[in-house]
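Take a look at the structure set out below.
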Amino acid sequence: MKYNTGAGTVPEQLNVHLVPHSHDDVGWLKTVDQYYVGSENYIQEACVENVLDSVVMSLQRDPNRKFVFGEMAFFHRWWLEQTPETKELXXKLVKAGQLEFVNGGWCMHDEATTHYIDMIDHTTLGHRFLQEQFNKIPRAGWQIDPFGHSAVQGYLLGAELGFDSVHFARIDYQDREKRKGEKSLEVVWRGSKTFGSSAQIFANAFPGHYGPPNGFNFEVRNNFVPLQDDPRLFDTNVEERVQNFLDAALTQAKLTRTNHLMWTMGDDFQYQYAESWFKQMDKLLHHVNKDGRVNALYSTPSLYTEAKNAANQTWPLKIDDYFPYADGRNAYWTGFYTSRXXXXXXXXMLSGYYLATRHSGFFAGKKSTKYHAFDLADALGIAQHHDAVSGTAKQHTTNDYAKRLALGASKAEAVVSSSLACLTSKQSADQCSAPASAFSQCHLFNISYCPPTESSLPDDKSLVVVVYNPLGWSRNEIVRIPVNDANLVVKDSSGNKLEVQYVEMDDVTANLRSFYVKXXXXXXXXXXXXYWSLFKASVPPLGWSTYFISEATGKGTRNALTLSQKGETLNIGPGDLKMSFSSLTGQLKRMYNSKTGVDLPIQQNYLWYESSEGDFSDYQASGAYLFRPNGQPPPHTVSRSSVTRVTRGPLVDEVHQKFNSWISQVTRLYKDKDHAEIEFTIGPIPTDDGVGKEVITRMTSTMATNKEFYTDSNGRDFLKRVRDYREDWPLEVTQPVAGNYYPLNLGLYTKDEKSEFSVLVDRATGGASIKDGEVELMLHRRTLRDDGRGVGEPLDEQVCMNKEYTCEGLTVRGNYYLSIHKPAGGSRWRRTTGQEIYSPMLLAFTQENMENWKSSHSTKAYAMDPNYSLPPSVALITLEELDDGLVLLRLAHLYEPSEDAEYSTLTKVELKKLFATQKLEELREVSLSANQEKSEMKKMKWSVEGDNEQEPQAVRGGPVSNADFVVELGPMEIRTFLLQF
């Protein structure tokens with residue numbers, strides 16, 4: 001029988017848009033490759049290769065059928081395997097609109113634990129692939145599964161990509177119920193305070209899950225009722241199934257505005273045998289439309305959005321974001337903000353490294369670097385998936401993510417070493433394909449393992465340290481390397497001796513090194529280095545400086561003192577910022593900045609929440625996704641005193657504190673920095689008492705913060721948070737702690753009439769202000785129960801060694817940064833230091849005679865004009881030579897309009913000075929993901945409830961002339977260009 005499947009929309013009828021899709025996690029219960037090929041099906045029956053093979057065959061059987069697909073990590077794998085004939089068929093399906101790409105990034109990224117640069121990078125990777133292969137531009141965001149939605153997603157990874165709409169399933173259960181009653185599930189979302197309506201997007205929150213209505217899931221092995229319309233067979237049920245369809249459609253129609261509603265026809269890894277779905281949908285379309293009471297059609301998110309837009313309906317306005325997300329009274333998805341804190345650190349560190357890899361590769365010239373950054377791009381793209389960086393995959397899958405990142409990092413390291421060898425060499429670029437110098441780098445600095453700096457030097461050679469600065473402004477920072485000798489001389493490239501400070505290696509680091517080098521390198525390391533050697537490096541913007549370390553003649557003296565202080569108070573800090581600690585307990589008592597006069601009484605401690613295992617009223621446990629502390633008692637204080645050791649020196653003062661056998665920290669105050677750097681070491685978290693533990697650090701001040709604090713959105717905008725409050729609905733407070741946690745990628749701050757207190761983080765984590773004047777960060781978690789959201793494992797990370805599998809819980813080491821300012825005075829520190837944390841200086845090492853090196857190498861150089869640096873309000877967030885020879889450039893303004901009187905203004909970047917050593921021929925401005933001309937981007941107009949159009953006009957930079965190449969950037973603006981040299 002030939003079915004009529006060609007219906008379009010009908011103006012006067014209820015239109016049910018069937019959107020066939022398969023939700024394909026880029027790793028979760030299985031690894032990305034296991035999901036692709038369909039191995040390990042005892043874990044989960046899932047094979048994405050089958051989905052794509054099967055869908056393509058089904059689509060060609062009927063030109064009216066449609067299907068949407070999002071994850072380019074999978075599609076790219078599939079595409080590389082296809083014959084020319086299959087590629088031609090797929091290209092026809094895409095051109096005809098039957099196969100539509102949604103999102104189009106490498107994965108469906110998480111929105112809580114991702115950094116905006118990573119979100120842009122993987123989306124660009126996918127979008128440029130689609131443009132090259134199909135000349136197609138995705139129009140719809142499809143974030144159906146992430147656990148809450150960010151403001152940056154709404155405006156930056158939405159409107160600025162050229163998306164008309166974004167579609168998702170997960171919003172807070174209280175929010176959803178209110179919106180159902182008001183028909184406000186679908187909204188116009190203005191995620192940016194800065195850009196308002198100029199960066200708005202239509203946001204469609206589904207009435208429930210991202211699957212079809214009950215009874216309409218047609219996966220081949222599901223127990224569904226087929227539509228039976230062959231009169232020669234028993235049990236025909238056309239009328240019954242049409243009525244079922246009608247009932248479900250009319251029920252959903254009560255929740256939406258206009259006569260259009262969407263059915264998401266698919267679920268996790270479905271369409272393994274696509275014909276099972278399409279046969280049933282063909283029959284439904286035919287018989288429902290023949291019945292005539294509603295109209296049903298094959299559709300896609302972009303067609304659905306066009307229909308909504310054409311209806312001339314007025315829509316509710318949504319601002320800010322959709323965090324935190326809860327799907328039940330005791331089920332706040334705020335644990336994953338911190339889950340697998342070490343994996344989140346690796347992703348953050350390699351994100352900054354990937355940025356520097358592409359910079360240095362460009363400046364050295366692609367031919368000279370044997371460019372291999374794709375493996376790291378692929379691994380980082382996969383790592384942004386909403387079960388990867390979020391820490392919610394099974395352990396074996398998490399191991400696979402880590403392996404991919406390590407392999408990608410290894411390839412990128414070769415690019416950086418080769419680039420630096422070429423850049424520092426005095427050979428011409430074309431001679432540099434085989435650079436003479438071989439550099440090595442160190443990945444395990446944080447546990448003091450760096451073989452190049454620990455090995456003894458031959459008599460006539462120095463340790464050559466090349467320090468590369470990936471930022472667009474000059475930096476003066478302390479370089480810290482492990483050494484075995486406190487009798488070293490450090491010289492700069494002019495031969496000047498630098499001041500060196502030595503700090504004795506602490507036992508905590510030595511023990512970590514002994515265990516983790518063995519675990520990571522599968523071989524025992526030599527005994528820990530005896531000291532940290534510290535000196536100040538001065539490095540030009542996007543340039544490098546060279547330092548030479550040699551052994552001094554004669555006996556050396558250590559110019560750092562370890563003190564036991566007399567009196568009640570320990571005062572430390574060689575610069576403007578001072579901290580006072582109790583001599584008796586080691587507790588922090590106050591922070592004081594002698595330059596600004598800000599004085600803040602403040603305490604800091606470590607505590608842990610007991611993970612709930614569920615109770616008689618609700619069996620919900622705390623786990624990888626959810627944070628549910630056990631009952632309402634306050635968290636357990638780890639210790640009210642610490643074993644404290646103070647080291648003072650000309651460059652840095654350090655306070656080493658041990659709170660118990662598994663928590664310690666070092667507080668560092670540098671002479672030239674306005675902040676305290678706190679390095680924490682937590683683990684193994686003990687569980688022999690049968691209790692899961694979620695460890696926080698808490699800073700308690702006297703500030704009157706009125707329930708308010710501010711957290712970043714994906715490292716970009718800061719959003720105001722109010723404890724126990726939601727903008728969009730009257731909140732019933734069921735979890736006073738977990739329900740007030742928010743995701744951090746940059747940091748958070750609080751303020752009152754006297755001062756502003758800021759905390760920055762080095763990785764994605766969760767943070768809160770549970771009482772006025774308090775700030776807490778969750779730093780590490782270890783739970784003993786699964787939380788029932790599908791992963792099927794407790795969050796119990798362990799490190800195992802040797803054949804006997806000696807295992808212990810994972811130890812996490814990381815940094816956070818504290819600073820105090822006058823009211824409204826902290827933004828400059830937050831923005832600048834945030835960039836320095838994201839893009840640390842890169843160190844590369846080799847051994848050579850100092851004079852020989854200086855005669856054959858450039859020891860200090862600039863990629864840009866030596867008298868120029870980027871404005872302090874601008875970051876270079878992408879500089880990459882593409883395969884077609886064009887160069888991708890992205891510049892980001894770092895400030896919101898009212899953040900800083902001087903820097904929150906229109907600013908200019910002179911590209912001729914940025915690229916002083918190369919001749920820039922022309923540039924084209926493109927969309928954020930570089931897949932379309934900026935001038936050709938079209939925006940849908942939406943009517944918004946209560947919109948009086950009184951919002952301030954967003955400031956954006958003007959056109960760039962191909963004569964002077966000056967780029968203007970307004971506050972929070974990101975501009976993307978393709979350059980031709």
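Any Cβ shown, glycine's included, is placed from N, Cα and C.
What you see is a predicted model, and the numbers here were worked out from it, not measured in a lab.
On its own chain, Asp145 (active site, nucleophile) has His23, Asp25, Met108, Phe168, Ala169, Arg170, Tyr210, His386 as residues at least 6 apart in sequence with a Cβ closer than 8 Å to its own Cβ. The active site, nucleophile annotation in Swiss-Prot covers Asp145 and is backed by experimental evidence.
Residues or ranges marked as Zn(2+) binding site by Swiss-Prot on the basis of similarity to another entry: His23, Asp25, Asp145, His386. Using a 10 Å radius centred on the Cβ of His23 (Zn(2+) binding site) and all shown protein chains, the other Cβ atoms total 19. His23 (Zn(2+) binding site) carries a strand DSSP state (E or B).
Neighbour density for Asn312 (N-linked glycosylation site): within 10 A of its CB lie 8 other CB atoms from the protein chains shown. Summarising the annotation, Swiss-Prot assigns N-linked glycosylation site to Asn312 (among others).
Every protein chain considered, the tally of other Cβ atoms within 10 Å of the Cβ of Asn446 (N-linked glycosylation site) stands at 18. Among the features that Swiss-Prot reports, N-linked glycosylation site is placed at Asn446 (among others).
Same-chain residues lying 6 or more positions outside the region 'Disordered' (938-957) and placing a CB less than 8 Å from one of its CB atoms are 159, 162, 164, 188, 194-200, 202, 305, 309, 312-317, 897, 906, 967-971, 973, 975. Taken from Swiss-Prot, the feature region 'Disordered' covers 938-957.
Within 8 A of the CB centroid of the Zn(2+) site residues His23, Asp25, Asp145, His386, the other residues of that chain are Asp24, Trp28, Met108, Ile144, Pro146, Asp268, His385, Asp387. Calculated from their C-alpha atoms, the gap between Asn446 (N-linked glycosylation site) and Asn312 (N-linked glycosylation site) amounts to 58 Å. Helix, strand and coil counts from DSSP across the region 'Disordered' (938-957) read 0 helix, 2 strand, 18 coil. Neighbours of His386 (Zn(2+) binding site), defined as other CB atoms within 10 A of its CB across all chains, total 26.
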